[in-house]
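Working notes, beginning with the structure itself.
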Amino acid sequence: MSAALAVTDEVALPIRAVGDLAAAAEVSREEVAVITQCAALGGKLPFEDASVGAVLAVIKNVESLREQLVAEIRRVLKAGGRVLVQSPAPSSSQKPNTDIERKLLMGGFAEVQSSAASSQDSVQSVTVKAKKASWSMGSSFPLKKTTKALPKIQIDDDSDLIDEDSLLTEEDLKKPQLPVVGDCEVGAAKKACKNCTCGRAEAEEKVGKLELTAEQINNPQSACGSCGLGDAFRCGTCPYRGLPPFKPGEKVSLSGNFLAADI
């Protein structure tokens, strides 16, 4: 397997050019394979993929450096390999080195640069150098994700902390006093018990004193002056509630069916 490859579109390749390629590739001259009249190969190079470390293309006509030939040079080069393209120096109106740089860039090469014109065998020529990427198609590498560290919270131990026990006073800690529940009987008809302490016995005594007597019925007397106007004007403790309106001093008489059921 050759360490370097030299191609040209001419019939022969100068020995000096082969020596320059060997020096650039850091190999001996015997390790350099030479292909002449590369245009006759139809753009195909009889080498395996990534098999040579450097390629020297001596091109007399820039049109010979076609896209297919550039792709083949890139195919046979190893990852990180270099390619050198030599062509006759351009005249003032022609710039073939610019076309070569563009073709190499379009072919996937990197670090494309042209050197100053040099003279070989009384012929001015320029050299365009380029490099194949150091990675190959299908290669992969893990991505290192940078994780942002959480900001550290500075806690000041000297800061004043509130004691929750100090928020309650002695009054708050005392057991609340429940309201006194009436100790009398409960039910539909509540009555004061014998030892009443809730005040129900006193209330019943006051109500008992308000019961109507025969004298009050025969000679009604109003303390507020509204008893004879009817229930709409009588107070809540009026003894005449339920009786029809009457005039002061008028005898109150009830019909015979007053206490009879309506049904």
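A Cβ is built for glycine as well, from the same backbone N, Cα and C atoms used for every other residue.
Computed from a predicted structure; not experimentally measured.
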Q. Quick one: which of 180-183, 224-227, 252-255 does Swiss-Prot have down as motif 'Cx2C motif 1'?
A. 224-227
Q: Restricting attention to the motif 'Cx2C motif 1' (224-227), give the mean pLDDT.
A: 72
Q. In the motif 'Cx2C motif 2' (235-238), how many residues does DSSP call helix, how many strand, and how many coil?
A. 0 helix, 0 strand, 4 coil
**Q.** Candidate with sparsest Cβ neighbourhood (10 Å radius) among Cys193, Cys198, Cys227, Cys235, the listed binding-site residues
**A.** Cys235
